[in-house]
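What follows is a set of notes on a single structure, which appears directly below.
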Protein chains: 2
Amino acid sequence: MNDILQTGAVIGILGGGQLGRMLAIAASRLGLKTHIFEPGADCPASHVAWKTTTASYDDSAALRAFAESVDVITYEFENIPTSALDLLESLRPVRPNRRALAISQDRIAEKDFLTGLGLTCAPYATVQTMDDLAAAMAKVGTPAILKTTRLGYDGKGQARIMSPQDAPEALASMQGAASVLEGFVNFEREVSVIAARGLDGSVAAYDPGENVHRSGILHTTTIPARLSPSLRSDAVLVAARILNALDYVGVMGVELFVTPQGLLVNEIAPRVHNSGHWTQNGCAVDQFEQHIRAVAGWPLGDGSRHSDVVMENLIGADMDRVPALARETGTALHLYGKAEAKTGRKMGHVNRVTQRKG
Amino acid sequence: MNDILQTGAVIGILGGGQLGRMLAIAASRLGLKTHIFEPGADCPASHVAWKTTTASYDDSAALRAFAESVDVITYEFENIPTSALDLLESLRPVRPNRRALAISQDRIAEKDFLTGLGLTCAPYATVQTMDDLAAAMAKVGTPAILKTTRLGYDGKGQARIMSPQDAPEALASMQGAASVLEGFVNFEREVSVIAARGLDGSVAAYDPGENVHRSGILHTTTIPARLSPSLRSDAVLVAARILNALDYVGVMGVELFVTPQGLLVNEIAPRVHNSGHWTQNGCAVDQFEQHIRAVAGWPLGDGSRHSDVVMENLIGADMDRVPALARETGTALHLYGKAEAKTGRKMGHVNRVTQRKG
């Protein structure tokens, strides 16, 4: 019980975007303060946080002062530089733990970990040279996607290979970085499970949502997803297996493809996830509070769904629709306070709430 | 449309308690920043506000700087000193308007206003001298309650008069302040209507809740209240009449007694109200966001009830129950981040959510 953070304790959050903002709001409901660490000025989370440190991840004095002012550290994104993590971990608990971060930072490590658990991923093979790529195409077939192993901050580092003749150009675009070739998956739909694991090892999962993307960005999540009862419980069990194997503490987003052969794990994210935003208006305890509960050592809350929800992201010029959305029935707005509505930028989301059916 | 505050605009809030805190959170959902003005240090709202000014209401330089940093000013309590209001009003719009504040600061003005609208209050009479008090007792009868006309910050200034022989002591306890004698009301229950009026004059009301007090402090609000359909619409119409008569902008709490003769207005509060906290987990748009929408010139949101709720206040030592409450099904916690759990102090509340029946 000593691990439970009490009123007035401080959660440190690495990253000050919209996820950090909504984590800060959730922490306040539990009487907890938040301190944001973020290189960018006037970040969304700073508007609702107790304190904000604006500094870069190589400023060790700033990192040290940040860590010493908080009780526990969590994060809203997975690409935290290793050197920063080394320093922070030496001063305060960092949750979720480093193994989850390491795996999600490296596509090969992630796929090896998942398949090692007996879970199914898209066929994949490691690629460094042209010979590797030829062997990889022989293994996973074409069409396929070549991706750098390490995630870039900018979302770059992907090339489609529709047929073997695309291979040289695709490999060149990797600029010598270690890469992975992923086979195309013929899936019926993408669903995601937002699952949480507490410091006491208990696991809870929200009802799976069904995701639709546009231009590579999540467009809508609909809850409940169209899933048979057996696939629904499979999806939750897959998530639970991943969390337990990592001795994970916090919320994780697990993206799954539904295929004729069953579920296939697309990607995991060791943090609150865009496809879990519906929980803000569909559950007594949302994904943000669930994450804060976990990292603060609290018991997990009740994430059962009281309402059906369709979450829609507001991207860039979608902000022009806000006046109309503000008048809609059963619609909850969540804006992120970002000054400029750039193309492709996530500016907010709406949750459209209806009575739970079934 | 020029009056609609856009992303990045700043709402100034006078008062940094739990109501200011929850207003700040609601404002963030609309992309708005908040600046709190509060004399006390480390106030609950400061943990989630963009900025906080810690200064007294007679610090005109601080008031001026505060007003100049915001786009509109609202408040979480009604006892704002007149001199502060004079200065603030000269610099920025203050919503709700001054008339609502003036009326709610003076029990006689409030009762005269309400009865002037044709609404029913408990019988009352103004008292300054012993002769007035004798005449007042003849008019309203005993038992009755003698109260100072102006509200005190400390909740003092009330004396029960069970029979005429209690009169001299009761009058002495008023210490010469203008007072009002209120007759006892034989009511079946107390309900409250949380209503809102937008800058465009539109009015919306939440479903009435039923209030139970303990030791003079709100204990629970249960939604829906036990009210016949006709009394329910009467309650909403009473609130709408009050808001329209005051050309009100914002959320108001209207406390009503249900008597065999119909509804009787107990008290109005020109602000978000403790008996409206259930809306956080029962509606797509809660009372805090509805208030921010109104003062920011936005359209009012959908306040229809999607779930039934019982709100329970957590007072003082109720904080010891938090670990158990955190494990309850269907229960949403809302803690205020107050360091000391003093007797009688509002520390938080829980909303117990169940499926809507009827």
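Even glycines carry a Cβ here, placed using N, Cα and C.
All protein chains shown were included, and the count of other CB atoms within 10 Å of the CB of B:ARG107 (ATP binding site) stands at 23. Under the heading ATP binding site, TrEMBL lists B:ARG107, B:LYS147, B:152-158, B:182-185, B:GLU190, B:HIS213, B:266-267.
Under the heading domain 'ATP-grasp', TrEMBL lists B:111-296.
Residue environment of B:ASN266 (ATP binding site) contains 19 other Cβ atoms, counted within 10 Å of its Cβ in all protein chains. B:ARG107 (ATP binding site) falls within a helical segment according to DSSP. Following the DSSP three-state reduction, the secondary structure of B:VAL185 (ATP binding site) is coil.
Around the Cβ of B:GLU182 (ATP binding site), 22 further Cβ atoms fall within 10 Å across all displayed protein chains.
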